[in-house]
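Chemist: Got a structure for you, written out below as structure tokens; questions coming shortly.
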Amino acid sequence: MEARDPLLVPSPSYGATSQKGSRLEAAVLARSLAPLIITFLLQFLLETTTIFVSGRLGSTELAVVSLGLCSFNITAVAFYQGMSTSLDSFCSQAFGAGRPHMVGVYFQRCSVMMLAVTAFPLLPLWWFSGLILKRLVPSEDLALQCQTFLRIMIIGAPGLLFFETAKRFFQAQHIFNAGTYALAVSVPLHGVLNWFLVLSPTTGLGLVGLPIALSVSYWINPIVLLFYAVFVDGTGCWGGIDWRKASVNWKPMLRLAVPGVVMVEAEYLAFEVMTILAASFGTTALAAQSIGSNVGGIAFQVPFAVSVAVTTRVGHFIGLQDIKAAQSVTRTSICVGAGMGVLNFVVLFFGRTPISSLYSDDSRVVHTASKVLALAAINQIADCTNIVTAGVLRGQGRQKIGSYLNLASYYLVAIPSAYFFAFKLDTEVYGLWFGLICGVTVLALGEVFCVVRSRWEHIVDECSRNHDA
């Protein structure tokens with residue numbers, strides 16, 4: 001059994017002094033960071049490995065996998081992550097309120113709810129995806145091969161689903177190592193599976209082997225988490241399978257899950273729109289945009305790790321009805337987010353040329369990508385604050401506000417201004433990032449305003465009303 005952090009159950013006087021509370025929270029967040037960052041980076045590696053191996057097969061295979069993963073990310077990964085944000089609120093608040101058995105109930109309820117949505121409409125959507133893709137891509141063969149990819153990924157989708165919900169089950173208990181251990185097993189095995197199922201001259205299946213390997217890896221993660229719970233830690237919040245409680249009272253959870261999906265999907269789709277627009281400026285601009293998005297995705301993992309820890313802490317204190325402590329977490333998180341924004345800016349801005357060189361040997365691509373990364377570095381200043389304050393909103397159970405802010409910032413500010421800068425002012429791919437910076441800055445300011453002006457007593461009352469009696 002792992003030793004528990006004594007700070008998880010605060011005394012009634014916690015947060016009595018602002019300075020002491022902020023130092024305490026900074027220490028707690030710092031201890032949570034390492035396993036969370038490793039977890040998200042390793043999870044990022046699963047898809048990166050799949051793309052890398054597909055490139056070894058050929059340009060056609062790379063195109064199929066890129067389109068297939070893009071489609072799967074939008075319809076599955078973003079969807080599951082969005083729905084799972086409801087657990088960020090429910091599980092952490094239940095644990096903080098001293099009702100550990102409800103953490104297990106909420107985990108089951110959200111998993112069943114997501115399985116139902118997977119069965120319909122997601123499964124038919126993936127199975128018949130070729131009908132849609134043929135209208136979106138110029139090559140019918142590419143669309144049909146992508147459909148095959150998505151059909152095979154149906155096998156792995158439930159594994160991904162259970163991993164996302166199980167991560168929240170453990171994180172609510174402040175067990176952040178579990179996901180790291182699961183991915184420490186699945187990522188190396190994913191490399192081995194790609195060799196045997198894809199690249200091996202004797203057992204390799206070529207393109208078909210890629211989604212099979214990824215699906216198996218997706219299932220390894222929740223299986224390892226199950227063993228972790230049984231043999232290491234995590235059963236304290238498990239009261240056994242309860243189908244009756246898991247299949248009722250979905251409405252309060254859906255009130256958080258649906259806005260959570262909107263929050264995540266809005267950001268995913270905004271970056272896809274930027275990639276599509278970048279294609280208008282030629283292959284060099286498209287390559288530079290892809291490098292910028294990929295590096296941004298890696299940089300995202302650090303503040304997102306902080307965001308997860310913040311969500312858990314805020315939820316715990318709301319469950320405890322300790323408003324002063326929750327306010328202390330909020331103040332600390334805003335400062336940490338701003339500090340991380342500056343740190344990420346320094347790393348990306350001053351390392352933009354060597355980082356670009358890692359992705360391409362083409363001097364034109366490196367030159368353009370280094371300029372894109374300079375803009376991506378500027379974007380980090382606001383984006384880190386945005387990511388961390390979004391964690392506060394999730395812990396408060398205010399996903400609806402986050403969804404409104406995301407939609408407005410990306411689709412009323414970022415995309416229109418990106419189009420204006422890129423096409424009307426002829427700044428091309430750089431203009432896309434100018435627009436993104438505008439949208440993300442508006443989003444960060446909006447979230448900080450909503451968090452700072454939080455009506456904490458009302459939030460605590462809402463928490464009590466939303467949870468099962």
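Cβ atoms here come from the backbone N, Cα and C positions, even for glycine.
Grabbed the feature section from TrEMBL, which reads as follows:
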- 28-46: transmembrane segment (TRANSMEM)
- 62-80: transmembrane segment (TRANSMEM)
- 112-130: transmembrane segment (TRANSMEM)
- 175-198: transmembrane segment (TRANSMEM)
- 218-241: transmembrane segment (TRANSMEM)
- 253-278: transmembrane segment (TRANSMEM)
- 298-320: transmembrane segment (TRANSMEM)
- 332-352: transmembrane segment (TRANSMEM)
- 372-393: transmembrane segment (TRANSMEM)
- 405-423: transmembrane segment (TRANSMEM)
- 429-452: transmembrane segment (TRANSMEM)
Chemist: Given pairs 6 or more apart, does the transmembrane segment (405-423) have at least three Cβ pairs under 8 Å with the transmembrane segment (253-278)?
Modeler: yes
Chemist: Do the transmembrane segment (372-393) and the transmembrane segment (175-198) come close, with at least three CB pairs under 8 A (pairs 6 or more apart in sequence)?
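Modeler: By the criterion, they do not touch.
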Chemist: What else in the chain is close to the transmembrane segment (218-241), if you only count residues 6 or more beyond its ends and a Cβ gap under 8 Å?
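Modeler: Tertiary neighbours of the transmembrane segment (218-241) are 1-2, 46, 95, 100-101, 103-105, 108, 156-160, 162-163, 166-167, 169-170, 172-173, 175, 178-179, 181-183, 185-186, 189.
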Chemist: Apart from its near flanks, which chain residues at least 6 from the ends of the transmembrane segment (28-46) lie with a Cβ under 8 angstroms of it?
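Modeler: Sequence-remote neighbours of the transmembrane segment (28-46) are 5, 7, 167, 174, 176-177, 179-180, 183-184, 186-187, 190, 214, 217-218, 297-298, 301-302, 304-306, 308-310, 312-313, 332-333, 336.
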Chemist: Report, as numbers and ranges, which residues of the same chain sit near the transmembrane segment (298-320): CB under 8 Å and 6 or more residues beyond its ends.
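Modeler: Counting only partners 6 or more residues beyond its ends, the transmembrane segment (298-320) has Cβ contacts under 8 Å with 8, 10, 25, 28-29, 32-33, 36-37, 39-41, 44, 88-89, 91-99, 171-172, 174, 176, 326, 329-330, 333, 336-337, 340-341, 344, 347-348, 376, 380, 383-384, 387-388, 390-392, 394-397, 459-460, 463.
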Chemist: Of the listed stretches 112-130, 253-278, 332-352, 429-452, which one has the most C-beta pairs under 8 A with the transmembrane segment (62-80)?
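Modeler: The listed stretch sharing the most Cβ pairs with the transmembrane segment (62-80) is 253-278.
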Chemist: Excluding the flanking five residues on each side, which residues at least 6 beyond the ends of the transmembrane segment (332-352) place their CB within less than 8 Å of a CB in that stretch?
Modeler: 21-22, 25-26, 29, 295, 299, 302-303, 306, 310, 369-371, 373-374, 376-378, 380-389, 391-392, 448, 451-452
